[in-house]
Amino acid sequence: MISSQIQDGETVGKYSCPTASKRYPSDAAIMSVSETEEKNAVVVEFSRDVEREVVVGIYANVIIWPIATALFCYLAYTLNTTGLPYVFIDEKFHVDQTLRYLRGKWYSWNGKITTPPGLYLLGWLQYHATRFITNWSTLTVLRLTNLIGGVIVWPWVVLRPLYLFNALGFWPVTLMCFPLMASYYFLYYTDIWSTIFIVESLNLALVLPFGETASIWMSALCGLISCLFRQTNIVWNVLIMILVVERRAMIEKNFNTLNFNNYLKLVLHTLENFKSLVLPYAINFGLFLAFLLYNRSITLGDKSNHVAGLHIVQFFYCLMFIAFFSVPVWFSKQVTLSYLIRFVMNPVKYLLELLGIMLIIRYFTVVHPFLLADNRHITFYLFKKLIGRSSLFKYCVMAPIYHFSAYVYLEVMRPSTMIFHPILPIEIKNPIDLPIQLTHISWTALIMCTFMTVVPSPLFEPRYYILPFIFWRLFITMAPEPFWGNPIGKVTGTKRHLSECAWFMIINLITYIIFKRFDIKWESETTVQHIIW
């Protein structure tokens, strides 16, 4: 983390008799030497703690990855052979469109599909790449697209370079096990490769593996490709562009503690370096605008059931899911007490915030017909049994939960943001040497991008929360505090990393048990249906 740069201005001491002073140093000199040695010892101990944490993290990833991969591959095998050897829910549309491409019908489009053809083009490539080496069914081969992406490309190609720059922040193997992604490794859905391409765009922008210019253009290209899987990824292109500009502006324009000035410096740097930093992403925005004008909607196909609106409660749903999945990251005595102290010290402010949330619940809640009609999704039961159980429950129970979730979302990020000196410039002079952290500018951009991607959607769909969680999680440094107790002042995030990985696998296990245990029959479907996210 970039912190305030402190310059040591203390003097050791001056002696009237040089000879005597060498033999008999003053008390001030002794104290100064002692303090210096103590500081050096602290630095050495801290470095050892960091080194130990990094080494343990590397070993943990190397050990856990093959175990998790074998488990996911086994589950994929059982589902494709006995558990689910037929198309499931939206797969009927995705597989149908891919089959049209495989038959050479490139201009035929399934009217029920709402996303661009990125997945179907990738499925076409996957099929032709594997048809000579396997006699598996077409459905199995197409599902293999997401399994390969989830257990190989996602942790090793996308997350590994980011991990090398933020080894204390996250483990790639943990994010590989993230439940909202892992559940779709076995199905033919758009979410896995949508996430892979847009986070790879972030990876290229931060790590710069091909040099600055080439990496930024490749980042923009990956961002554009990601929009072929999900249109709302254009919003995350904005965040990545802001990060690209910001990481250079903070060095060349000398960011300080005056936030408004930093915004002005960012704008000025954007204008001065438009061609090299902004143009690659501006091309994406121009192409997306052309698509909107041509299609007259952000949605392809079934526009009537996917009309954009102002579903602000969706933002609280997203924060609630983020808080739930990140329990091992934030749960501690300090977070709990600070939230309670905030309430006790300023109850009026707390009640006004709750009132604001209740008003949003009242006037900006959208209940889509699909939510109430499709009992094959966990959200159906969450809304029926919890969120929309009754008016009393909706306002008196869910509003405080939303409030606490928002508090967790903000407070966990706060210690991980960069801090600048009010006067002194940043010592780092190359963007690639900067830590993977947000500033107050990119932090605000992250919140706004999350809001813009989830609020317009009328559907209560947890898959839409994958990228808000991933982008939030990648920029967080794991808290060193124990789960319950006083801070010990050491770098000790390993237990939390292990707990986070275990937490994800427990959730995956529960969702798999629900999937296998409960069979649902629909009159319109000839096959047995199951429950997924």
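Every residue, even glycine, has its Cβ placed from backbone N, Cα and C.
Here is what Swiss-Prot says about this protein:
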CARBOHYD  N80  N-linked glycosylation site
CARBOHYD  N135  N-linked glycosylation site
CARBOHYD  N295  N-linked glycosylation site
TRANSMEM  54-74  transmembrane segment
TRANSMEM  139-159  transmembrane segment
TRANSMEM  162-182  transmembrane segment
TRANSMEM  184-204  transmembrane segment
TRANSMEM  205-225  transmembrane segment
TRANSMEM  234-251  transmembrane segment
TRANSMEM  274-294  transmembrane segment
TRANSMEM  351-371  transmembrane segment
TRANSMEM  392-412  transmembrane segment
TRANSMEM  440-460  transmembrane segment
TRANSMEM  465-485  transmembrane segment
TRANSMEM  498-518  transmembrane segment
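All features noted in Swiss-Prot, drawn onto the structure.
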residue : record                      : Cβ contacts under 8 Å, 6 or more apart
N80     : N-linked glycosylation site : W136, S137, L139, T140, R143, F186
N135    : N-linked glycosylation site : none
N295    : N-linked glycosylation site : none
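Touching of the transmembrane segment (351-371) and the transmembrane segment (440-460) is concluded from the presence of at least three CB pairs under 8 A, sequence neighbours closer than 6 excluded. Counting only same-chain residues 6+ beyond the ends of the transmembrane segment (162-182), those with a CB under 8 A from a CB of the stretch are 50, 53-54, 57-58, 60-61, 64-65, 68, 72, 150-151, 154-156, 191-192, 195, 202-203, 206-207, 321, 325, 416, 435-436, 462-463, 465-466, 469-470, 473-478, 491, 493, 497, 500-501, 504-505, 507-508, 511, 533. Segment contact is absent for the transmembrane segment (184-204) and the transmembrane segment (392-412), given fewer than three CB pairs below 8 angstroms at sequence separation of 6 or more. Counting residues 6+ beyond its ends, the transmembrane segment (139-159) has Cβ neighbours under 8 Å at 65, 68-69, 72-73, 76, 80, 85-87, 91, 94-95, 98, 119, 122-123, 126-127, 130-131, 170, 172-173, 175-176, 181-182, 184-189, 192-193, 195-196, 199-200, 203 in the same chain.
Counting Cβ pairs closer than 8 Å to the transmembrane segment (205-225), the top stretch among 54-74, 234-251, 465-485, 498-518 is 234-251. Sequence-distant contacts of the transmembrane segment (392-412), counting only residues of its own chain at least 6 positions beyond either end whose CB sits under 8 Å from a CB of the stretch, comprise 316, 319-320, 322-323, 326, 329-330, 335, 338-339, 342, 350, 353-354, 357-358, 361-362, 386, 472, 476, 479. Listed by sequence, the residues of this chain that lie at least six past the ends of the transmembrane segment (54-74) yet keep a Cβ under 8 A from its Cβ atoms are 147, 150-152, 155, 163, 167-168, 171-173, 176-177, 182, 185-186, 494, 497-498, 501, 505. According to its DSSP assignment, N295 (N-linked glycosylation site) is helical.
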